[in-house]
Structures are given as structure tokens and as C-alpha cells.
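Data block below; observations after.
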Amino acid sequence: MPALVLLGAQWGDEGKGKATDLLGGSVDYVVRYQGGNNAGHTVVVGDQKYALHLLPSGILTPECTPVIGNGVVVDPSVLFSELNGLNERGVDTSKLLISGNAHIITPYNVTVDKVTERFLGKRKIGTTGRGIGPTYADKINRVGIRIQDLYDESILTQKVEAALDGKNQLLTKVFNRRAIEAGQVVEELLTYADRLKPYVADTVLVLNKALDDDKVVLFEGGQGTLLDIDHGTYPFVTSSNPTAGGACTGSGVGPTKISRVIGILKAYTTRVGAGPFPTELLDEDGEALRRIGGERGVTTGRDRRCGWFDAVIARYATRVNGLTDFFLTKLDVLTGWEQIPVCVAYEIDGKRVEELPYSQTDFHHAKPIYENLPGWSEDITKAKTFEDLPKNAQAYVRALEEMSGAPISAIGVGPGRDETIEINSFI
């Protein structure tokens with residue numbers, strides 16, 4: 001059975017947790033392939049709400065095996081905090097698998113992240129301060145610590161000492177901080193080894209064997225397309241590849257085994273942190289979207305910046321991911337607006353531009369060109385089929401579908417697990 005990829009088609013926070021959870025009952029494995037605990041997703045099951053940061057959403061589905069792939073960076077303290085929280089609420093987490101090749105977020109990675117952002121001041125990127133970027137930097141610089149290193153104290157010590165050589169120079173001579181003792185770091189990391197061991201596996205082998213055995217594997221991206229280190233609004237991006245290509249490198253599953261790529265689109269647009277955002281609303285409409293949509297970051301606790309739907313970035317997401325379908329979320333939030341503007345193109349230096357500009361400078365100068373679509377006032381949270389939606393809501397969905405370049409196969413009409421309209425089956 002071929003694999004599916006599910007990813008954010010905007011700047012993250014699109015509702016991937018809801019979408020993954022919806023599919024969880026139909027898949028055998030759910031795989032996180034990049035990012036770390038900088039990605040937050042909320043899943044509502046019955047009257048229970050679960051806020052996950054590192055664990056795959058599939059951990060809430062008993063029949064599913066959740067997997068943390070080699071492309072993820074893992075903070076063991078956060079991992080065990082999430083596992084403990086789920087265990088206390090009666091969730092069985094014993095099926096979790098973690099790649100031994102996944103890199104560990106060390107205490108010094110977190111320290112470097114925080115002091116760097118503080119040092120940059122107004123020029124800061126707006127990271128979550130959780131050590132994600134420095135951990136990926138260590139990975140690329142080949143001084144990273146992998147989970148498998150916890151089981152060879154000699155290698156672990158050598159790697160920590162090598163990594164701290166440069167970092168202590170930075171901390172003491174640039175940031176006026178104390179040097180970090182390698183021995184203390186090694187001691188702390190070794191405390192996680194025994195508890196991690198039951199979860200550690202050769203996940204590349206596990207996933208490929210599962211696909212050979214006709215199991216259904218769902219790859220779950222964190223963040224969103226416009227936060228991709230290569231294809232996002234650089235430098236205001238994350239440090240990994242949430243786009244579809246990252247599913248392959250972050251899991252060890254080849255591209256020919258992926259048959260469907262599903263993009264999650266919010267019915268409007270949000271962004272957390274710094275960076276360009278052409279449709280951002282700094283008025284009462286933006287505040288209303290934030291309030292009605294509950295737009296506060298699961299991981300950061302920061303208010304999200306809100307704006308109207310941007311079809312230009314949706315088309316871009318379709319292109320760079322090879323999207324086959326969209327899952328549209330939070331359509332219910334738009335109930336009550338008489339007119340709903342949709343950005344169909346940009347104006348840049350007096351010219352109409354219908355595709356995402358290649359130039360960072362041009363994108364910073366982009367002004368949205370809107371088309372107004374009629375709104376609706378009816379409550380849509382009880383809708384079970386597309387035809388149950390008000391005519392104007394149907395027209396809004398079809399307009400977004402046409403502008404974005406891929407069919408909308410499911411629609412979220414509320415936060416609950418059952419508040420979803422499935423138009424076309426994903427599996």
C-alpha cells in the first residue's frame with residue numbers, strides 16, 4: 001500500500017492534528033519526519049483536548065503505531081513530559097517507535113538558541129527558543145548527538161566535548177555566559193538512556209517492511225510549507241523541511257512509495273513570529289478572527305497574526321509539494337461575515353503578480369489584491385455533507401479549490417473529531 005503525506009500548506013497551525021487524527025483510524029503508522037517540539041497541534045477526542053508538541057497525532061489512536069523518524073530532533077525531557085501526561089489520562093503510549101538516528105536537543109542547544117535571540121534583539125527571527133535551530137546546525141556541522149549515542153558513553157562523551165569546544169567560546173566570549181561542563185551534559189543525557197531504550201528502533205527498516213506488507217503509512221509534517229528552510233519565506237523559517245520531500249529524507253522511505261500528498265489549508269491565514277504576511281489584518285477583522293478561531297500558539301502561547309485567505313501561497317504550496325488534495329479547516333470561523341475577501345494576486349511596484357515572487361524583497365513589498373466573496377450567517381458546525389453547507393459557504397469552498405490548484409477533499413466545520421465533512425476519501 002503506498003504512503004500518504006499530510007502537511008501544512010501555509011505558515012503552520014493549519015489544523016494538521018485534526019486531519020491526522022481523522023485519518024488515524026484508517027492508517028497503520030503515523031510518522032513525524034521533521035521538526036521537534038517547536039510544532040504544536042491540538043487534537044479533540046470527545047470532550048477531551050490533547051495538546052501535542054513532539055509526539056505524532058496517531059498516538060491517540062490505539063490501532064496505530066506512532067513513529068518519530070530520523071529527521072526529527074528530540075528533547076528527551078519534553079518527550080517524557082508528553083508521554084507522562086498521556087499516560088495519566090489513560091492513553092497507551094507503548095507502541096511508540098523512535099529512530100535511533102534522530103538527533104537529540106541538548107541543554108546547550110537550548111541555551112545557545114535563547115541567548116542568540118536575546119542578543120539579536122529587534123533583528124531576531126522569532127524562534128521558539130527550544131533549541132531546534134542549533135540542533136539542526138549541529139547535525140549539518142557533524143557534531144550532533146544522536147539517540148543511538150546514548151548507548152556508548154565513550155562516543156557520547158567525545159561528541160559532547162567536540163560540540164562544546166566552539167559553543168563555550170561563543171558563550172563566554174560573545175554572550176558573557178558561563179562555560180558549560182561536558183561531564184554534566186553527558187550525565188544528564190545518560191539518565192534518559194534506559195527509559196528511551198524500549199522505543200528505539202530501526203524505523204527505516206520498520207516503515208519499508210510495513211509498506212511491503214501493504215500497511216498504510218501516513219507521514220505527518222510539522223509547521224508549514226512557507227516555513228520550509230528551502231522553500232519558505234527565508235530567513236523567517238524553521239530549520240527543517242516540512243514540505244513533501246522532507247517526508248522521504250526524514251523517514252528513509254523513497255518517493256516512489258508515496259501516492260498522495262494532502263495539504264492542510266486554514267479557511268483564512270495565520271502566522272506566528274516575524275516575517276512577511278501580505279494579507280495580515282491589523283484591524284477589528286483580524287482581532288475577530290483571532291478571537292473566534294482561538295488563534296494562540298499551542299507551543300509558544302503567542303497570539304497568532306491573522307489575515308484573509310491567500311490563494312497565491314496556496315498555489316505555491318500545491319506546486320512545491322505536488323499536492324493531490326486539500327483538507328480545508330476552520331471554515332466555521334468565517335460564519336457571520338457578509339463579505340469575505342480572498343487574496344487572488346499581489347501588487348508589487350505597480351504590477352499585478354499572480355505567483356509567489358522569487359525575490360525576498362518583492363515579497364516584502366507585496367500588497368494583496370482581493371476578490372470579495374459573499375459570506376453566510378448560518379451555523380455550519382452540524383453539517384455532515386457538502387450539501388448541508390449554506391450555498392455561499394459551498395461557493396467559498398469551490399472558489400478556494402479553483403484558485404489553489406487541487407481538489408478540497410475534506411472540510412473542518414468545528415474543532416471536534418466528528419465535525420468534519422469528507423467529500424473524497426483520502427485512502
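Positions of Cβ are set from backbone N, Cα and C atoms, glycine also.
Residues or ranges marked as GTP binding site in Swiss-Prot: 12-18, 40-42, Arg304, 330-332, 412-414. The active site, proton acceptor annotation in Swiss-Prot covers Asp13, and the record cites sequence analysis as its basis. What Swiss-Prot records for Asp13, Glu14, Gly15, Lys16, Asn38, Ala39, Gly40, His41, Thr128, Arg142, Gln223, Thr238, Arg302 is IMP binding site, and it gives sequence analysis as the kind of evidence. The feature Mg(2+) binding site is assigned by Swiss-Prot to Asp13, Gly40, with sequence analysis given as support. The feature active site, proton donor is assigned by Swiss-Prot to His41, with sequence analysis given as support. Among the features that Swiss-Prot reports, substrate binding site is placed at Val298, Thr299, Thr300, Gly301, Arg302, Asp303, Arg304, with the record citing sequence analysis.
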| remark: Three-class DSSP assignment, Thr42 (GTP binding site), comes back as strand
| field | Rounded Cα separation (Å) that holds between Gln223 (IMP binding site) and Gly12 (GTP binding site) | value | 4
| request: Based on Cα distances to Asp303 (substrate binding site), point out the closest of the recorded positions Asp13, Lys18, Thr42, Leu331. | output: Asp13
| Judged by the number of other CB atoms within 10 angstroms, which among Gly12, Gly15 is the least packed of the binding-site residues? | Gly15
| query | Does DSSP give Asp303 (substrate binding site) helix, strand or coil? | reply | strand
| Which residue, out of the binding-site residues Asn38, Thr42, Gln223, shows the minimum number of other Cβ atoms inside 10 Å of its Cβ in this structure? | Thr42
| query | Rounded to the nearest angstrom, how far is the Cα of the residue listed as 'active site, proton acceptor' from the Cα of Arg302 (IMP binding site)? | reply | 12
| remark: Quick note, Val413 (GTP binding site): same-chain residues at least 6 apart with CB under 8 Å of its CB -> Leu331, Asp332, Ile380, Thr381, Ala383, Leu389, Glu419, Thr420, Ile421
